[in-house]
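*Asks:* One structure follows; several queries about it will come next.
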Amino acid sequence: MYIYLLLLLICKVSNASVEDRGLWDLLGSILNYSNSALVPEDANLSITELGNKYGYRVEQHTVTTEDGYILNFHRIPTRSRKVRPVVFFMHGLLDSSDTWLLLGPNKALAYLLADLEFDVWLGNSRGNKHCQNHTTMYNTDSEFWHFSWEEIAVHDLPAMIDYILQVTGMQNLYYVGHSQGTTTGYVLCAMKPEYNNKIKMMFSLAPEAWMGHIRSPLVKIFSPAHSVLAYLLSDFSADYAGVDFFNKISTFVCTIVPARCDNVLFALSGYETKINETFLAVILGHSPSGSSTFQFAHYGQLVESHRFCRYDFGRQGNLAAYNQTVPPDYDLSLVTTPVVIFYSAKDLLSDPKDVNILIKNLNNVRETIFLEDFTHLDYVYAQDAADVIYNKIIRRIISDEEN
């Protein structure tokens with residue numbers, strides 16, 4: 001309940017007049033200033049400031065997609081003078097490149113790989129806080145937000161991957177995806193099979209493809225009305241100022257009464273999370289980071305249809321888009337890059353039954369690692385993620401490089 005009240009607040013901010021918006025901005029500034037001693041410093045730092053604080057140089061790179069979206073994404077360059085393997089990270093829904101650094105040194109996978117002198121790149125998708133520009137549209141134009149995660153897969157990922165390979169001179173890279181970052185990885189390799197050769201190995205954390213067995217109470221309640229929900233939350237994607245305001249308010253609330261935030265996160269992604277209560281304020285200082293409501297709607301369609309398929313525009317829209325009345329399935333037989341999958345019994349958003357369907361439809365699953373007690377967000381925010389997951393990824397990459 002709390003999260004939806006906050007989302008409605010965001011919509012109110014987005015619809016406010018300029019004068020009213022100034023009052024909200026002022027309130028946010030007052031909260032941010034007066035409670036700066038209470039809120040953890042990392043909650044308010046930019047991604048480059050986070051890196052600098054802990055002794056890592058974080059570069060910003062920019063690329064324009066073929067359909068005009070301007071993407072800013074980030075790199076922790078290798079400290080080695082030798083050519084080192086490239087590892088590319090892709091975040092989940094409502095997240096950004098920030099996600100991969102929040103755990104801090106000796107815990108975050110991006111830092112652990114950087115310590116081993118890998119060339120680390122952190123991707124961003126259109127519509128999040130780092131990617132709010134376009135060559136011909138403003139982010140206040142409704143057309144700017146007419147995309148789902150399929151467009152991220154077939155436009156954003158190729159633009160970033162090609163740029164990275166050109167800059168580094170490498171022929172391929174390792175891909176680490178969490179949640180939506182796994183969805184886009186599969187869709188990329190299925191719809192643009194030539195990218196299978198550019199991804200040396202794909203690590204899928206809490207994969208999302210088939211979603212018919214999802215157990216999240218909040219998602220099960222709202223997925224049947226995904227089109228209505230998309231309409232109600234339209235302002236959530238249309239104005240990053242509202243999202244930024246949400247970050248300020250929620251960071252403050254979760255610093256004062258973390259149990260309230262616990263309840264929302266548990267109901268959404270899984271109970272008995274490994275996330276430290278005091279760390280919630282840091283997370284909510286950086287997430288949500290902005291997205292299109294079509295991304296939510298597309299996932300809602302997967303929940304209802306029990307399929308892994310393209311966006312359903314309705315009978316007439318599907319005829320125009322696909323020349324058939326129902327959206328086609330993604331052909332995962334075309335995904336030939338090696339895949340390593342991490343999934344868990346306690347993940348309410350990535351149910352083991354659905355993951356097993358995914359595994360059966362992928363032709364080159366090298367390894368599956370089943371975890372008993374990780375929730376959906378634990379993969380990127382649990383204090384013991386390095387011991388349970390990240391060290392396995394590192395060992396796998398090192399072994400692959402040696403062979």
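Don't overthink the numbers, they just go from 1 along the chain as shown.
Each residue, glycine too, has its Cβ placed from N, Cα and C.
Those TrEMBL annotations? Automatic predictions, nothing curated.
Because the structure is a prediction, the values reported are computed rather than measured.
Among the features that TrEMBL reports, signal peptide is placed at 1-16. Positions annotated as domain 'Partial AB-hydrolase lipase' by TrEMBL: 48-102. The active site, nucleophile feature in TrEMBL is assigned to Ser179. Per TrEMBL, the feature active site, charge relay system maps to Asp347, His376.
Thinking about packing and proximity, how do these listed features fit into the structure?
*Replies:* Non-local neighbourhood of Ser179 (active site, nucleophile): Gly92, Leu93, Asp95, Leu205, Ala206, Pro207, Glu208, Leu349, Ser350, His376, Tyr379, each in the same chain, at least six residues away, with C-beta under 8 Å from its C-beta.
Taken residue by residue with DSSP, Asp347 (active site, charge relay system) is part of neither helix nor strand, so it is coil.
Under the three-state DSSP scheme, His376 (active site, charge relay system) falls in the coil class.
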*Asks:* When the pLDDT values for the domain 'Partial AB-hydrolase lipase' (48-102) are averaged, what is the result?
*Replies:* 96
*Asks:* Pick from Asp347, His376: which of these active-site residues has the biggest number of other Cβ atoms within 10 Å of its Cβ?
*Replies:* Asp347
*Asks:* Where DSSP helix means H, G or I and strand means E or B, what are the helix, strand and coil counts for the domain 'Partial AB-hydrolase lipase' (48-102)?
*Replies:* 11 helix, 19 strand, 25 coil
